Amino acid sequence: MLVAQSFSAINPGPTAELYLGDIKSVMLTQEQIQARIAELGAQIGHDYRDRSPASDQDLLLVTVLKGAVIFVTDLARAIPLPTQFEFMAVSSYGSSMSSSGVVRILKDLDRDIHDRNVLIVEDVVDSGLTLSWLLRNLATRRPQSLQVCTLLRKPDALRANVDITYVGFDIPNDFVVGYGLDYDERYRDLPYIGMLDPRVYQQ
């Protein structure tokens, strides 16, 4: 398992001209993200290379829409093994800023995952409540293995004990956007991960 990289302070950096003024500072640059994804892909490839010998047993990457779509695409290209994609859409009751852990499925998987090696790919784990529910739900479908890879984890926000095998970065409990992460469906297209200026979501 790769050791997650902790960031104790926000690293200021240039912001793209998109959404000028909305991004308070840059936490992770595009270069940092891509370098870490390359490391994660290599480690996942090493760990799974003897688990998926048959073409119909390619590593199955399960992603919850929409935040991790960019991450899972880049991660799949960094894994030196054949991979397949599956997507779920879930709604977690709670405020726009936090999850209650009460989840309903809006879109389920399109195939049976029985006896498959499944890797859940997340953009960010904060409370861990939704992920904890998802792990329990998918475990009932009897995959051969079930593990988690997340780009970001917020240790200070965790409220559920979830086992995460692959962590890109441990970050402070700040509101971040970019590289797939959004606020009100905006900012997903930023190439970096930045702190959103509080004035944007406190209006």
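Each Cβ is built from the backbone N, Cα and C atoms, and glycine gets one as well.
Take the diphosphate site that Swiss-Prot assigns to LYS66, GLY67: the candidate from ARG186, ARG188 listed for it is ARG188. A straight line from the CA of ASP123 (Mg(2+) binding site) to the CA of PHE175 (GMP binding site) spans 13 Å.
When the record's diphosphate-binding residues LYS66, GLY67, ARG188 are compared pairwise by CA position, the greatest distance found is 9 Å. All chains included, 22 other C-beta atoms sit within 10 angstroms of the C-beta of ASP126 (active site, proton acceptor). ASP182 (GMP binding site) has a Cβ environment of 16 other Cβ atoms inside 10 Å. Among the recorded positions GLU122, ASP126, LYS154, PHE175, VAL176, ASP182, the ones whose Cα sits within 10 Å of the Cα of GLY67 (diphosphate binding site) are GLU122, ASP182. Note: the CA-CA distance between ARG188 (diphosphate binding site) and LYS154 (GMP binding site) rounds to 19 Å.
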